[in-house]
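Chemist: Supplied in C-alpha cells, the structure appears directly below.
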Amino acid sequence: MEQLDTPHVASELTPWDRVQRARHPQRPHTLDYVFALCEDFVELHGDRRFGDDAAIVGGMASFNGRTVMVLGHQKGSDTRENMRRNFGMPLPEGYRKAQRLMRHAEKFGIPVLCFVDTPGANPNKESEERGQGNAIAEGIQVMTTLRTPIIATVIGEGGSGGALAISVGDRILMQENSIYSVASPEAAASILWRDSARAPDASRALKLTAQDLLELEIIDEIITEPAGGAHLDAQAAINAAGERIAVHLEQVCALDLDTLLHERYAKYRSIGRFEEQQNVLLRV
Amino acid sequence: MKEFFRRTRKSFDSDQSAETVQIPDDLWVKCPSCRELIYRKELNDNLKVCPKCSHHMRMSAREWVGLLDVGSFSETDANLLPTDPLGFVTPDDTYANKLKKSQHRTGMTDAMLTGVGSINRMWIGIGVGDFSFMGASMGSVYGERLARAAEQAAKLNIPLLTINTSGGARQQEGVIALMQMAKVTMALSRLAEAGQPHIAVMIDPCYGGVTASYPSVADVIIAEPGANIGFAGKRLIEQIIRQKLPAGFQTAEFMLKNGMVDMVVSRSDLRDVLDRLLRHYNARSKPPVVQAQAEPELAGYAQGRA
Ligand SMILES: [Zn+2]
C-alpha cells in the first residue's frame, strides 16, 4: 500500500490501484463527511424491530442551509472501531434502520443524502436468519418510490447488493478513487479465475471504477479527489464532495415530486445493454 | 370443496414449442438426494419430484410453463438478446462465447423466460428463471424481460407470477447487472400502483442479488420443499465464521421458520395454491389482448444501447 502514498498521474492508475485507494484505512468515512459538511447532526438509532447496527449510521443534520437525512455505511479507522462497526458490513437491522430513516425523511419532506462505503452486506449466520435478502430488497424497494429527493455518493467501496440497498437515488455520484462493483474483485477472481489472487485481473474486467461507470452511464458525476487520493488530504476530499453534493441537491430539490419520481423511474428503467431484434415474433 | 381445486392431470405440460431443442436423455435418472434410480418417464409424470424421497429436482423454464393451462402461454420479448457490454474475458473463456454455448445447450436466449398465460382461466404475467443458463444469473436481458413483464401485467391489470432460481447478478455484466435489481423493483412499483399482486415462487437454488431483490418483497412468497434459499452462499459463510453451518440452514423450511416466506408448497400442490390465491385477488377471467411488441412508451425507456 506504500506506493499509493506517492502521488500518481491519474491516468497511470490501474483499477486495482483504485481498489486499494478506495479501501485505504485513512480514507475519510461517512461520519467524517457528516461532521465536516453538516451542522447540528442528531444521530438516530435502531430499526425498532431487532437492534441497532453500528455499520450503518444516520440522522438529521443541516447541510448547505437545508435539513437533510444523512445515511451511510460506517467503517472504522482502526481495528477496534472496525470490530465494533463490522468493517462497514451491515446486518439486516442496519438496512432496516436505514429504511426507517428514509421513511422518516419522506414523512417530513427532508431530502436524503447517502454515503456508500461497504465491502458488502454482512455474510454471517445471523444475517441469514434475520433475512439479509429481504432487508436489502426492502431497501431497494423503499428507495424506488420514496417521495423525497435522494442523492447517493460512493465515498469508498460500493460493494454489490450491500451498497445498492442504500444507494438507489436521483443522483449517483462517485469519488475519483471509489469503486462500485457487482462482486468484490477477490470473490469474482475466485469464481471466474478460480484463484482469488487474480483479483487485480478481475478488478479490470468488472469495470468497477468511477471512470468506467460514468462511461457506462450508470453514475452521474465523478468528484475529483486531491492528488494521490482522499486519504492524503481528507479535508480537501470532503470539501470537494460537499460542493458537488450541494449543486445536485439544489437541482433535485427544485423539481416537483411527480417529476422527480418520473425521472428516477426512467433513470433506472433505462439501465441495461441488449440487442432488440425485430420480427422475431412473427412466428404464428 | 378441496377436490374442486385438484387437478385431474398429474403432470405439467411442457411448452410444445421447445420440444425441438430438448436433448434426448437417458431412460433412468439417479435421484441426487436418495440415489435411487428412477424411470425418467415416471419422474416426469411426477413433476420431477422423486417418488421415493420427494426430492424436488430442477426443471427448465420451458418445463415450468406446464404449470399454466395447456396452450395458454405466449412468450413475450423473445427478441431481446444478450450482448457483452464490458468485453468480459477470463483465461478460460469469453462472456460472448459463454453466451453462445449456453444458448446452444439450453435453447434459451438468456436465463429468463417471460410471457402471459393462465391458471384455471385466470390470466397472469409470468417470468421463469432457468438455472441451466449460466446459473440463471441476472443480467440485462433477464432484468429487461422481467421489467417489461411487470409493466405489461400492470397495463393488462393482471397479477404477475415469478419463479425464481439464481446464483445472483451476472458478474460478466458488472454493475449493469447489479442495477437490474433496482430496475425490476422499479417496474414492479407499476404493478403495485395497478393494484395487482406479485406472487414469487422460490425454487432451488436461489441466492445473491435475486434473493436480495424482487422475490423477497413479493406480495406472497412461496418456496419449494428443501430448496436452498439465501443471500450469501453457505461456503462463504462457513469460511468467514470458521464453523460448520447446521443441517437445514438456508432451506425453504428455515426461511419459513424465520418468517421470510409465506409457505412451503410441494410442486404437486402449487397449482391449487395459486388457483386459490388468484381467486382471492379476484383476477379477471377474461383473456387480455397481448401485444406482440412493446408499446412505444415502454420502448422509450429501453433502447438497449447495444
Ligand atoms: Zn429421491
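Counting starts with 1 at the first residue shown.
Cβ coordinates are placed from backbone N, Cα and C, and glycine is handled just like the others.
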Chemist: Suppose you had to name the range TrEMBL annotates as zinc finger; which of B:31-53, B:77-99, B:123-145, B:238-260 would you pick?
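Modeler: In TrEMBL, the zinc finger feature sits at B:31-53.
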Chemist: Enter the number of other CB atoms within 10 angstroms of the CB of B:CYS50 (Zn(2+) binding site).
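Modeler: 20, counting other Cβ atoms within 10 Å of B:CYS50 (Zn(2+) binding site).
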Chemist: Run through the Cβ atoms and count how many others sit within 10 Å of the one on B:CYS34 (Zn(2+) binding site).
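Modeler: Around the Cβ of B:CYS34 (Zn(2+) binding site), 12 other Cβ atoms lie within 10 Å.
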Chemist: For B:CYS53 (Zn(2+) binding site), just count the other CB atoms lying within 10 A of its CB, please.
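Modeler: Looking across every protein chain shown, the total is 12.
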Chemist: Can you tell me how the residues of the zinc finger (B:31-53) break down into helix, strand and coil by DSSP?
Modeler: 6 helix, 4 strand, 13 coil
